[in-house]
Ligand SMILES: [Fe+2]
């Protein structure tokens with residue numbers, strides 16, 4: 001397969017005031033596009049040609065760093081756009097997810113605080129994650145393009161903490177961006193969809 005840039009599932013200005021049109025134009029049209037273009041170039045002539053994106057991410061980890069970085073970021077961003085929606089966040093979660101967050105992570109408020117702390121505590125570029133591993137929910141953080149897939153877990157929510165995701169809107173205030181993400185942007189229906197598939 002070759003990588004292609006998906007369209008945003010909403011208008012560029014749909015996440016304002018929490019994420020600006022300018023941020024989404026740069027982040028989607030420039031940064032994600034670069035991972036797609038570079039990933040396609042790096043894929044040519046490798047053993048990974050014709051494999052699925054997940055197989056490429058898992059297979060190239062630790063073996064082909066340039067390909068892994070771009071394929072990992074392509075995977076991460078495909079989901080990142082869908083992990084947000086206008087009027088997202090809120091306090092009522094769909095389906096079985098709320099019960100599971102209560103059981104494994106001490107409730108929604110504690111989840112939001114711990115997830116934001118993971119993002120704030122990631123030194124330099126990376127991501128904070130909510131994943132399913134061995135039937136349990138866990139919060140983690142990774143550097144650069146790495147994600148929970150390569151650690152035997154299934155990511156169901158992630159937040160990009162590279163500066164390109166918040167610097168235009170929040171400058172250096174990464175914690176403010178993370179608070180806006182958890183309170184106002186998360187698309188819990190998509191998280192629930194991934195959770196249902198993972199268990
Ligand atoms: Fe990004």
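Using the three backbone atoms N, Cα and C, a Cβ is placed for every residue, glycine included.
A TrEMBL annotation is a machine prediction, not a hand-curated record.
These come from TrEMBL:
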type: DOMAIN; residues: 2-84; note: domain 'Manganese/iron superoxide dismutase N-terminal'
type: BINDING; residues: 27, 77, 160, 164; note: Mn(2+) binding site
type: DOMAIN; residues: 95-193; note: domain 'Manganese/iron superoxide dismutase C-terminal'
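Feature map: TrEMBL annotations on the structure.
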residue : record              : DSSP (3 states)
27      : Mn(2+) binding site : helix
77      : Mn(2+) binding site : helix
160     : Mn(2+) binding site : strand
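Listed in sequence order, the residues 28, 31, 32, 80, 162, 165 complete the 8 Å Cβ shell around the Mn(2+) site centroid, once 27, 77, 160, 164 themselves are left out. Looking at 27, 77, 164, the binding-site residues in this record, the fewest other C-beta atoms within 10 angstroms of the C-beta turn up around 164. Confidence for the domain 'Manganese/iron superoxide dismutase C-terminal' (95-193), expressed as mean pLDDT, is 97. DSSP labels the residues of the domain 'Manganese/iron superoxide dismutase N-terminal' (2-84) in these numbers: 49 helix, 1 strand, 33 coil. Summarising the environment of residue 160 (Mn(2+) binding site), the number of other Cβ atoms within 10 Å of its Cβ, over all protein chains shown, is 22.
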